[in-house]
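Data block below; observations after.
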Amino acid sequence: MMKETLWNNITQLREKSPLVHNITNYVVMNNTANALLAAGASPIMAHAPNEMEAMMNICQVLVVNIGTLDDYWVTSMKKAAQQANQLNKPWVLDPVGAGATPYRDEVLSDLLSLHPTIIRGNASEIMALAKHNITSTKGVDSSAESNEAIAAAHILDEKYQACICISGATDIIISRDKEIHLLNGNELMTKITGMGCSATALVAAFSVIVDDRAEAVTSAMAMLGVAGEIAAQESKGPGSLQVNILDKLYSLTEKEFMSTLKLEVKRG
Amino acid sequence: MMKETLWNNITQLREKSPLVHNITNYVVMNNTANALLAAGASPIMAHAPNEMEAMMNICQVLVVNIGTLDDYWVTSMKKAAQQANQLNKPWVLDPVGAGATPYRDEVLSDLLSLHPTIIRGNASEIMALAKHNITSTKGVDSSAESNEAIAAAHILDEKYQACICISGATDIIISRDKEIHLLNGNELMTKITGMGCSATALVAAFSVIVDDRAEAVTSAMAMLGVAGEIAAQESKGPGSLQVNILDKLYSLTEKEFMSTLKLEVKRG
Amino acid sequence: MMKETLWNNITQLREKSPLVHNITNYVVMNNTANALLAAGASPIMAHAPNEMEAMMNICQVLVVNIGTLDDYWVTSMKKAAQQANQLNKPWVLDPVGAGATPYRDEVLSDLLSLHPTIIRGNASEIMALAKHNITSTKGVDSSAESNEAIAAAHILDEKYQACICISGATDIIISRDKEIHLLNGNELMTKITGMGCSATALVAAFSVIVDDRAEAVTSAMAMLGVAGEIAAQESKGPGSLQVNILDKLYSLTEKEFMSTLKLEVKRG
């Protein structure tokens, strides 16, 4: 995967402005919509079961984010995911808080059975998703958690044929024979709520532009990681960082992207 | 309509701080409340059917915005609109996504039958609202859409006795014999979610201050358009623009307003 | 209560990062989560009755904020508050809009009977909560409202054994034999939606760190008041103030805190 390809995908996103339907959580809706707009995509946010079918006909990709789930919203999430499958449109799962409560895990089990195209979560969420299957793969050094998450990602990939993104200080993208690491971003991004949710929405947007799942996810995570890393340099705290990331998603140049991107193709 | 009159309305809004009850969508609630506060008004946000009657007694105007509608919220929207009519208080409809799904159109048909005082939408939404009535009025040049939206606005005005605002690069206000154009704003405003929703809330606030519907709508759209245009000059992207618009709504001076406003009274 | 103690509590919050479960309103969720993160705490936002028990097992403190209440959410609020009591974890009530509608007052009556550990509201809300009990304590000068709110706070403290915080230009903390006044903040903070809700969430976070209720509340209100006062000096309006407060909650230093804090221990 070439850096030039990723930049080309970013310019394609800005030109084609894919329509992303989000069934997401209350906390991040505003920022997610703004991140999509700043990056060049077009957001829809709707959740009534009565209009899920019609919305899925209009949109090009679906995001299901369970952050503030309840039974009413879960009904719509399932309906929309099923419709995505029938229409052969990609859908992306953000398993917020996986493992935190039995209810979340039950809902996630149902959603996994609907075969999300892509799953993006942090290491703990990806491990929780795979927890009933995971074998002992614990390492002995500081990368133990990361190694365990990679093992979990492979289990999910094999079982559900989904491309997996483990986001963190290093973002790791796993898909069949591919493993890509991205080392961009800034620690201060963890002090803003919903950065992961924005990442998931951008992943969805790029999956309309790029057929290869791993390349789509890498494009999204690279764009956000680079924008966040540059934005952090001129931010005094998490408040200004949130604002500056939106500005940088909008104004990111090829030169900035190429000189900042830290990409490691481990396999594939 | 004189520019001085519009500025006088803005100072009146700041002095009288009208209480605006919003039944609006999840995506924009925070920004809408902040836009109302920055402009000098007082927001309420509530949606439980159990307290709609009491809230309508307290507030001075109602906003109904269907962005993230569902059956539970629609029940409250209708109840509040009926109550507004009984109490002779104005109510403003924001038909977000009109035409996107049959469910939205069904709900909008019900809401239109409750005779909103004012309707604010973009050209596509206004055309969708009037679509079952519209006759062929397509122009042949680049203003075709705008011309068609104006025709749709006249249909809605006549059928429902509502003042219509078509917002866009040019904001067009239609009410009976009046047609007013505002040419303020900045393209970057389209990259922030919920600018239209903030406009609708400001329209509602001014409708408490000004009896003439067209003048109230023009005051609101002028305030936001001028604030946005000035704010854009010092913004690096949509993130900082969102922040700067709130600052400028709060700090806008008569000199800034008068020197920036681009108003064209076509008729009336 | 020493200023040094309050600063020490702030450093403790940053180190221990308490997990705060918020059942709060749609308008402020994003800002509340960001305020908690900026101050050093960890937010959870969830509301489905199915996972209230599990969430209460995980979290260290609960916030119940009734801003956009409805029956479904109230069910979860009560369930979570009961669970907090059983687990001997503190819970904080934010009675948004107390007195505005009969429905709100009915719900608040039920919530009060579950004995919140701490209640934070503005003067009007605190007076509304105590209104069925209040005796005539009206003063004759400009502090009449403040005096009446203090009387209301004492009634609530005695009846429900809750620490009461009346926030405003002066924040007043009442708990049994203690009365503490804080004189920080800036008028411009009233032009941002949800500052009180952020205050309530911070109060909850500090109640995990500090056993003494009045000291916990004072630490939170002092941190936010000082951050807001400093942030206002470099803000052009409510938009930039909202951003700058998050930055300052994150970056606040001992020197800034000590030199800005205006604390008056009236009793205790």
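Backbone N, Cα and C define each Cβ position, glycine as well.
All annotation found in TrEMBL is predicted automatically rather than curated by experts.
What TrEMBL lists as substrate binding site is C:MET45, C:GLY194. What TrEMBL lists as ATP binding site is C:ARG120, C:SER167.
In this structure the C-alpha atoms belonging to C:GLY194 (substrate binding site) and C:SER167 (ATP binding site) are separated by 13 Å.
Proximity to chain B (Cβ-Cβ distance under 8 Å) holds for the following binding-site residues out of C:MET45, C:ARG120, C:SER167, C:GLY194: C:GLY194. Each of the binding-site residues C:ARG120, C:SER167, C:GLY194 was checked for a CB under 8 angstroms from a CB of chain A; none meets this. Around the Cβ of C:MET45 (substrate binding site), a 10 Å sphere holds 25 further Cβ atoms from the protein chains shown. C:ARG120 (ATP binding site): 31 other CB atoms within 10 A of its CB, across all protein chains. With respect to their backbone Cα atoms, C:MET45 (substrate binding site) and C:SER167 (ATP binding site) stand 24 Å from each other. Residue environment of C:SER167 (ATP binding site) contains 26 other Cβ atoms, counted within 10 Å of its Cβ in all protein chains.
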